[in-house]
Amino acid sequence: MIIGVPKEIKNHEYRVGMVPASVRELINHGHEVIVETNAGIGIGFSDQDYIDAGAKIINQASDVFAQAEMIVKVKEPQAVERAMLREGQVLFTYLHLAPDLPQTEDLIKSKAICIAYETVTDDFGGLPLLAPMSEVAGRMSIQAGAQALEKSNAGRGMLLGGVPGVEPAKVVIIGGGMVGNNAAQMAVGMGADVVVLDRNTNVLRKLDAQFGNKIKAIYSTADALEKHVLAADLVIGGVLIPGAAAPKLVTKEHIKNMKPGSAIVDVAIDQGGCIETSKATTHAEPTYIVDDVVHYCVANMPGAVPRTSTFALNNATLPYILQIANKGHVQALLDNKHLLNGLNVIDGQITCRSVAENLGFDYVDPAVALIN
Ligand SMILES: NC(=O)C1=CN([C@@H]2O[C@H](COP(=O)(O)OP(=O)(O)OC[C@H]3O[C@@H](n4cnc5c(N)ncnc54)[C@H](O)[C@@H]3O)[C@@H](O)[C@H]2O)C=CC1
Ligand SMILES: CC(=O)C(=O)O
Ligand SMILES: [Mg+2]
């Protein structure tokens, strides 16, 4: 198979779909890999590194899209990239379609086979291709929140851990999954007063076993959420209903009644955000203020630490890239029900139930869509 790796074009996005070591694996399996010039430059990989791994360097993204049978990316295709997709071509990347009607419409039109990293599942109820980036974003959320609380960024002027004799900041983390757990690790490490809310009691038990009395793991009712958010200095939004638009758990009213200079980091913004006043921002201008509350809502947070993130992502994606390349997409998807859960759009049909329900499209069973 010919696998194409274009250079990412989203604002301040320096990750790349494949590192040279992954290219070498594909070459060893008899595939051809074409890489857009400078695709890896942001994380220190030159064109020569890719050539040494066996790739061919291509000068224009349009030629990568024209020649490749499968495109491997990181971020959802931007409008100019969507226009280059074609019928029968495989696209393997993050998509986050539920809050993104224009992208969904373009992918339907393209008739390409669009497999989303974030809805691929595993045997343990996890999301193995989302997990590594949730680890990164969860850890980063506390750094971003700590900065947002600084006075020069319009924050309350608080140090997360306080100092002897002065109280630490109260960090409230909504969602105790991969993002929430990693955020809690960093917030505890910095000495903050940490509350994690989740509505899955098994998640709360896991947090309790892991952190003991260093955090408070609280069942997330509307009542508990309101009480803790209104008392918070920093709120982290890390909830997920896989594939679906995030529920708006923190309302405009909550934001109005939060302490002036408090901050929110809505990590769930890539699924539309779990805070009513959130709108996606970029690394170029990551924050804005609503009712004196600093909002950080960057939809590609791991893009800020692209070297760590690219390696972590590639470790997870490589086995699936190899399955698709070795077997072709039809057999690979039929053989692996977890990869099949990643199929969101094929031949103009929506095969992810939560995306179809959120955006009002008909849902087609992915196994049925594949063999038709
Ligand atoms: N902005 C960015 O750059 C990035 C964003 N993300 C996003 O972060 C979000 C969280 O991802 P993960 O932690 O991997 O998901 P996860 O599935 O590991 O955890 C989500 C948690 O939310 C909980 N939850 C769901 N509904 C809830 C509710 N109403 N109240 C309280 N808890 C609730 C679930 O029980 C689960 O424990 C996703 O939207 C993901 O796409 C992930 C990586 C990077
Ligand atoms: C998951 C995601 O949206 C990202 O890593 O950018
Ligand atoms: Mg206020």
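Here the Cβ of each residue, glycine as well, is placed from N, Cα and C on the backbone.
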SER134, ASP198, VAL239, LEU240, VAL267, ALA268, ILE269, ASP270, VAL298, ALA299, ASN300, MET301 bind NAD(+) per TrEMBL; candidate in SER110, SER152, SER220 listed for that same site: SER220
Around the Cβ of MET301 (NAD(+) binding site), the count of other Cβ atoms that are within 10 Å: 27
Nearest of the recorded positions (ARG15, LYS75, HIS96, ASP270) to SER134 (NAD(+) binding site), judged by Cα-Cα distance: ASP270
Residues among the binding-site residues ARG15, LYS75, LEU240, ALA299, MET301 that border ligand 1 - Cβ under 6 angstroms, in sequence order: LEU240, ALA299, MET301
Contacting binding-site residues, sequence order - ARG15, SER220, LEU240 vs ligand 2, Cβ under 6 Å: none
Pairwise CA distance, ALA268 (NAD(+) binding site) versus LYS75 (substrate binding site), rounded so that it is a whole Å: 15
Most Cβ neighbours inside 10 Å, all chains, among the recorded positions ARG15, HIS96: ARG15
